Amino acid sequence: MAGDVKVGLYLVADNPNLTFIVFIGLVLLTVIAARFGAYAYLNMRATGVDAQRVLWEYLLYVGLVAACYGVVGVLEIVTSIRTPYKTGLMLAVVLLLALSVREIYFNAALSTTGADDVFPGRRLVEVAFVGVVAAVVFGVALVGLRRPLLALQGVGALAFAGYGFWFGRRQTAAAMVQGTMIDSLLRHLLPVLAFATLVPAVDLATVAGLDRVVVMHVQIVFVIMTATALMTATIKLRQNLASL
């Protein structure tokens, strides 16, 4: 209940230094992700290209979900609210980034309208991926950070990233798209996908027996790197908006 929420300083793993770093990293991610989502929305409105609408929507959701991840993380530090399921939010960010890369490929190949013919099993893959995210979010919310769920999260993140990078590799190998806006956007998103993937994937070390606190130190490093990569992608979106 809202009346039971207490405001104060709640240390991450009872470690003041880790708490400070996590707080800074999450605030940084929240601000940058919110700006990224805003520019994605503005690009969607300004472009007016129906074939690119799904791409801009995915990028908008990337910003929104990443910002939510940062917000709930900050709330855990400054209030008594506990949100163990927030780890699933970053997994959702990875999935949305992978789907964004796929849409970039279809747009560059001028095959968005026939995407189901190019990759006939994509809807089934999407449903399976969404099922993994839902299982992690609701599973952690119900039973906590259990090893099977952490394993599912880590493997799921790697699978999502592999899916996205497969499409990214196919596009970067196509000479016809070199130097275009779509190609440039892809090259800015791939580092974001890589670093964001490592945030949930590093929990596989917990499954292997590494101390959870050590894993959390590594995770916040990747959160900060994700925010940094997202900042360069935000600049690209801003430049694209200015050119429209």
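Glycine too: its Cβ is placed from the backbone N, Cα and C atoms.
Some features that TrEMBL has for this protein:
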type     : residues : note
TRANSMEM : 20-42    : transmembrane segment
TRANSMEM : 54-75    : transmembrane segment
TRANSMEM : 87-105   : transmembrane segment
TRANSMEM : 125-144  : transmembrane segment
TRANSMEM : 150-168  : transmembrane segment
TRANSMEM : 189-210  : transmembrane segment
TRANSMEM : 216-235  : transmembrane segment
Have the transmembrane segment (216-235) and the transmembrane segment (150-168) got at least three CB pairs under 8 Å, pairs 6 or more apart in sequence?
no
Counting Cβ pairs under 8 Å that sit 6 or more residues apart, are there three or more between the transmembrane segment (189-210) and the transmembrane segment (87-105)?
yes
Candidates 20-42, 54-75, 150-168; stretch with most C-beta pairs under 8 Å toward the transmembrane segment (125-144):
150-168
Positions on the same chain near the transmembrane segment (54-75), where near means CB under 8 A and six or more residues out:
22-23, 26-31, 33-38, 40-41, 43-44, 47, 81, 83, 86, 89-90, 92-93, 96-97, 99-100, 103-104, 107, 112, 196, 226, 230, 237
